[in-house]
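Asks: Take this structure, written in structure tokens, and hold onto it; I'll ask about it next.
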Amino acid sequence: MAIELLYDADADLSIIQGRKVAVIGYGSQGHAHAQCLRDSGVEVVIGLREGSKSSEKAQEAGFEVKSNADAAAWADVIMLLAPDTSQAEIFSHDIEPNLKDGDALLFGHGLNIHFELIKPAVNITVGMVAPKGPGHLVRRQFVDGKGVPCLIAVAQDPKGEGKDLALSYAAAIGGARAGVIPTTFREETETDLFGEQVVLCGGLEHLMMKGFEVLAEAGYAPEMAYFEVLHEMKLIVDLIWEGGIENMNYSISETAELGGYVAGPRIITPEVKENMKAVLADIQSGKFVRDMVADVEAGQPELKRYREEIAAHPIEATGSKLRDLMSWVKNPLDETA
């Protein structure tokens, strides 16, 4: 089924220009949304919790910073860009008591609405504007007169304005310059979680670690194992990102290309595909999110345990040592330590 693509000519920028927008959160996406909205002639304030380290950054950028509750009371469009695990609490404590008839509540990701962790009143427009790129890219492309493609969706539309409002907002952050794709909260949420868990984060992470273990256990130097299964990953991913799998195969040696064809199906077997389907089923049923919420309520012991296990894996110590040799590689964790 062909997707619908919408552009600036399809959007009415005056819709969002006529609203007062509170951006809740000033992280990667929050700073980009706020600055692009302001440059597009939209009245914007930033909502942050008391004591947030982002307050100074937002004020230095020229924004008025309010508490989450005061920002919600002031605005008639609220974009909630806090972390997924914080959104339900922010909504119930700060936003919900301050919602007014006709307000719109927007999200950058559909998880909390799709899995009903947040349930706005029926008189509230609920939509999503999700750029398919990190905030710094959204901002840079906007400044350059371009844009990052956006997904939009509507979950509640009491006034029949949801799609037009979401499209107007997407245009104001540059998305309609590149293309805006209407979708649903369900589709965005479930495919996003699946991609993260099966390929981008969980799958890739464990593929690299297992490859490292096989080489190290076979007697090869850990440094060589790191180079071959992790360091060179960026080279390959960049080729795929730029031109697809065909471009990657075109760009590598014939030896590497043939080896990939021969060995790939031995690693990613039909059983692996069945495991992927099982992960998708856990996402669709809500099991993953229920488990995540339970972990958050318990103080995140599971998340902390997983982090400790990864930090203790020898691939991390080996990588840290080797990256010290690479002056062109900067570790963001070093800057926040």
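Counting begins at 1 with the first residue displayed.
Backbone N, Cα and C define each Cβ position, glycine as well.
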Asks: Tyr26, Gly27, Ser28, Gln29, Arg49, Ser52, Ser54, Asp84, Thr85, Ser86, Gln87 bind NADP(+) in Swiss-Prot, but which of Gly133, Gly135, Gly145, Gly147 does that record place at the same site?
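Replies: Only hit among Gly133, Gly135, Gly145, Gly147 in Swiss-Prot's NADP(+) site, alongside Tyr26, Gly27, Ser28, Gln29, Arg49, Ser52, Ser54, Asp84, Thr85, Ser86, Gln87: Gly135.
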Asks: Can you check which residues sit near Thr85 (NADP(+) binding site), meaning Cβ under 8 Å from its Cβ, same chain, 6 or more apart in sequence, and list them in order?
Replies: Met292, Val296
Asks: So which of the recorded positions is most packed in, judged by how many other Cβ atoms lie within 10 Å of its Cβ, out of Arg49, His109?
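Replies: Output for this query is His109.
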Asks: Please find which two of Tyr26, Gly27, Ser28, Gln29, Arg49, Ser52, Ser54, Asp84, Thr85, Ser86, Gln87, Gly135 have the most distant C-alpha atoms, given that the record lists them as binding NADP(+), and give only that distance in angstrom, rounded to a whole number.
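Replies: Max Cα-Cα spread across the NADP(+) binders: 20 Å.
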Asks: Measure the Cβ-based neighbour count of Ser253 (substrate binding site), defined as the other Cβ atoms within 10 Å of its Cβ.
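Replies: Neighbour count, Cβ to Cβ under the 10 Å cut-off: 8.
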